[in-house]
Structure formats: structure tokens, C-alpha cells
Amino acid sequence: MSAALKEVTGGGAPRHFLELMDIDRGSLRRMLDLGQRAKRGEITDKPLAGKHIAMIFEKPSTRTRVSFEVGIRQLGGDVVTLSSKDTQLGRGETPADTARVLSRYVDAIILRTDRVSKMRELAEFATVPVINGLTDVSHPCQLMADVMTFEEHRGPIAGQVVAWTGDGNNVAQSFIQAAARFDFTLRVATPPELAPKADLIAWARAEGARVELTTSPQEAVAGARCVVTDTWVSMSDDKTSARQRHNMLAPYQLNGALLKHAAPDAIVMHCLPAHRGEEITDEVMDGPQSVVFDEAENRLHAQKGVLLWALGLA
């Protein structure tokens, strides 16, 4: 292990990565710095050698699973990936018992679930770090990659304006937390029925964040340096609710006409998978302002920083 990545934690509570709002700004910035170092190839030893990570995926995943598996192995660690069919969580075992058992086998647990209550219970009883790989209310790993991507293309994100258009979903809610922790202005345009949680908005504003809500995508996007959207339909939505959402969200499509309201050098983000022709057009997704695939790549690098921090190696 290099001198720069010596273990810095002893006993005591594990370093969970559950919500951006739970973590101080200095630690989040340290994770990003580590991710950037990893991307530049500056972490040449294997800091996770001898470490074993369990990943539990109750929801399907492409980017989260592959980026974590590859990142863990590139850092020298070993990984065991379990689907909902491979665990007892869906057959009566409590998250608390799962946490107690896995903590005796592995050095960290990554959970992707559609119930945030499972993640919180798992973290409460785990004696090793728990990392949020996505829940129904947040996706903090995605935001670490998004902040990294913005800063690669446009410099420090502090003081900048980011616009969200579409559904006020879990990624949008992590953007709200990120606005408070990384000090940027966030404008969120959603239909009233799909607005982010009011208590989260209240928390962010109490933290000094500049979070603005509107029903007008044009108002949100005006002058923004970054415009972000996400899929309109969750994997759990039935066909009827999916049609209703499409009708409600059609005015929020990220297309060329909407993007013209942004700053001339604005960049476009989407956490993927994209439903082309629905929430975003081919013209924008494949256009010169899109950094979507850089953003996807940075999941790999940003999550390395998260892992190193959570395991006490930074």
C-alpha cells in the first residue's frame, strides 16, 4: 500500500456511504480527489488487496454492477455479487440479520434496493461499511460521478447553475443533496405531482443551498451551465402509470429547442439508461454538448474514491 493510502481508521463505527447529506464536504471532496487520482493512473498499488466486498442487487443493474466489480478488482479486491434470488432478504430474513452475517465474511457491503428502509436497517446493524448503490429515494454514487464529470469539463462546480428537467426522482433528490454539499445552484423543473420531497428541499435550504423549484423547463434551463434529465418511467411502473407519466412529462423532454435556453457552453448529462425519443432526443444525446458517456465512465473512477474512503484507506 502506498504511503498516500495508508489506513486511517481504527476501531469505532464504520464509514457508511448512504446519503450525501450524511457526509461532510471535506470527505466528499477527498473521495473525488481519490477518484481523479485513480483515473489518472496515480494509484499504482493494490490498496484493496485482501479486501472482500459483497454486492447485493435487488434491482437490475448494468453500470453500477460493472463499474463496482471492475473498480474493486482493479484496486486488488475481491467481490461477490448477489441478486435477490441469491439472498434470503426476499424470503423472510431481516436486513439486520443479513448485516450481522455478512459483516463476519466481508469488508464492505454495497446494496441496490427499491426500499430505503432496507438500506438503513442494513447499515444500522452492519459492522462494516455499507455503500448505497441506489434506493428508491437517492443515488449518491451517480452524483459523485456527475460532479467529477462537470469539473472535468467546466471547472469547479461551486457557484455554477445546474438545471434538472423531468421527474423529481431519486437522482434528482441526490442532486438536491449535492447542491448543498458542493455549493452550486440547482433549478428543478417537474410537474407538480412529481416534485422532489418537500422535507428534502427544506433541509437543503436550511443548509444554505440554492434550490429553486419550477414547473417550467425553460425557466429552469435558462443560462444553466449543465442540463440533466433521467428516464421518466421506473422499472417498477405498470403500463398504465407509465402512459400517465409520459403524458405528464412530455413538455419536459430535453431536446434542441429546450437546450437553446441554456448557456452556450452548457453540457448535458443523463445517468442512463436513456429512452431515446422520450426524455431526451438523439440530437441532444449524440450532440456536441453531451457528456453522457464520460459521465458513465466516471462511475468507475468516482466509486473507487468512495470505496477507498469507506474502507478507511483515505
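Note that Cβ sites are derived from N, Cα and C of the backbone, with glycine treated the same way.
What TrEMBL records for Ser61, Thr62, Arg63, Thr64, Gln88, Arg112, His139, Pro140, Cys141, Gln142, Cys271, Leu272, Arg299 is carbamoyl phosphate binding site. What TrEMBL lists as L-ornithine binding site is Asn170, Asp230, Ser234, Met235. Summarising the annotation, TrEMBL assigns domain 'Aspartate/ornithine carbamoyltransferase carbamoyl-P binding' to 15-152. Annotation source TrEMBL lists domain 'Aspartate/ornithine carbamoyltransferase Asp/Orn-binding' at 159-309.
Mapped onto this structure are the features recorded in TrEMBL.
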residue : record                           : CB count, 10 Å
Ser61   : carbamoyl phosphate binding site : 17
Arg63   : carbamoyl phosphate binding site : 18
His139  : carbamoyl phosphate binding site : 25
Cys141  : carbamoyl phosphate binding site : 25
Asn170  : L-ornithine binding site         : 22
Asp230  : L-ornithine binding site         : 26
Ser234  : L-ornithine binding site         : 15
Cys271  : carbamoyl phosphate binding site : 26
Arg299  : carbamoyl phosphate binding site : 26
Spatial neighbour of Cys141 (carbamoyl phosphate binding site) that is closest, considering only the binding-site residues Asn170, Asp230, Ser234 and their CA atoms: Asn170
Ser234 (L-ornithine binding site) to Ser61 (carbamoyl phosphate binding site) - Cα separation in whole Å: 13
Where Ser61 (carbamoyl phosphate binding site) sits in the secondary structure, as DSSP reduces it to three classes: coil
Residue from Arg63, His139, Arg299 whose C-alpha is spatially nearest that of Asp230 (L-ornithine binding site), among the binding-site residues: His139
C-alpha spacing of Asn170 (L-ornithine binding site) relative to Arg63 (carbamoyl phosphate binding site), in angstrom: 16
Residue counts (helix, strand, coil, in that order) that DSSP gives for the domain 'Aspartate/ornithine carbamoyltransferase carbamoyl-P binding' (15-152): 64 helix, 23 strand, 51 coil
